[in-house]
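What follows is one structure encoded as C-alpha cells, with my remarks underneath.
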Amino acid sequence: SSTLVTAGIYLMIRFNFLLMNYYLNKILLYLSVMTMFMSALSANYEYDLKKIIALSTLSQLGLMMSILSISLYKLAFFHLLMHALFKALLFLCSGMMIHNFKNFQDIRSMGMIFKLMPMFSICYNISIFILCGIPFLSGFYSKDLILEFFSMSSMNFFIYMIIFVSMSLTVAYSTRLIMYSMMKNLNFLNLFQFFDENYIMLKSMYIMLFLSIFMGSIMNWLIFPIPLFIFLIIMKKNLIFFMMIMGMLLGIFIYMINFKKKWMNLYMNFIMNK
C-alpha cells in the first residue's frame, strides 16, 4: 500500500516535462502544502490505528508533491523510495498489532506493548522514529534535504510556515501513537493473549528494519553522486530540530489532555451513580 499509493507521484516524476509551467507549479505547491497540513492535523485527533497511518501516508504524499512542484524531481524520487521502505515496515507492525488485539484498531485499547512484545516494539518504534525524521535514519536523509531546500528557496512566509508546522504535527501524532501503544496500561485482554513468537512476521520485519535504517545513506550516494550544496544560517539549521522538539511536546500534551479527560469522565460517572 505504501508503494502503490505513490504510483501517481512516480508518474509525475517521469513526466516532469509536463510540469514546466510556473502557474501550474504554484497551484500544485499550494494544494500539496495544504494537503500535508490538514492530514497531519487530522491524524492528531484520530484513534483508529489504520486511519492514523493512512493520514500519515497522505501527509507524506503532500510533502512529495510540494518538492515536486519546485522542480526537484530527484529529491522527490529519493523521498518516495525512503517512504516506501519505512512505511512498509510500519504497515507490517500495525498488521501484527491489530492481529494480536483480535482485530481491534482503537489505540485507546492498547498499551504496555513494549513489555508484552519487546522485539516487535523495537521494529515498531524505529519505524515511527524514521517517519519523524530522527537523525541518521533513512527518513532523516530525505526529509532534512527537503526542509533545507525549502529554507534556502525564496518563497513566501505562509508556505514556509505551513511546511514546518506540518513537520511538527507529524512528530506530534507519532509521539501520541507511541504514548498510547507503549506507555499507558493495557485496557483490553489479559496478558496471555499477546506473544512475540511469530518468527515469520518478525523475520520480515527485521529485513525491512535493516533496509529502513541503512538504505537512506546508501541511496543518498547513489541518487546524488555529487553532494548537494546547501548554505543556511545556523538559526534555520536549528529550526528543524526545534520544531521536532515542539512536535514531541505537543504530542505528549494532546495525550495527557485525553488521558485526564478519560479519568475525569470515570470520576463523574462514579459520583453520579453514587
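Glycine too: its Cβ is placed from the backbone N, Cα and C atoms.
Per TrEMBL, the features are as follows:
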type     : residues : note
DOMAIN   : 2-166    : domain 'NADH:quinone oxidoreductase/Mrp antiporter transmembrane'
TRANSMEM : 52-70    : transmembrane segment
TRANSMEM : 76-98    : transmembrane segment
TRANSMEM : 119-137  : transmembrane segment
TRANSMEM : 157-179  : transmembrane segment
DOMAIN   : 173-268  : domain 'NADH dehydrogenase subunit 5 C-terminal'
TRANSMEM : 206-234  : transmembrane segment
TRANSMEM : 240-259  : transmembrane segment
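Taking every recorded stretch in 52-70, 76-98, 119-137, 240-259 and counting its Cβ pairs under 8 Å to the transmembrane segment (206-234), the highest total belongs to 76-98.
Taking every recorded stretch in 52-70, 76-98, 157-179, 240-259 and counting its Cβ pairs under 8 Å to the transmembrane segment (119-137), the highest total belongs to 76-98.
When Cβ distances are compared across the two stretches, the transmembrane segment (52-70) makes no contact with the transmembrane segment (240-259), since fewer than 3 pairs at least 6 residues apart fall below 8 angstroms.
Long-range Cβ contacts of the transmembrane segment (240-259) within its own chain (Cβ-Cβ under 8 Å, at least 6 residues beyond either end) map to 44, 132-133, 144, 147-148, 164-165, 167-176, 179-180, 184.
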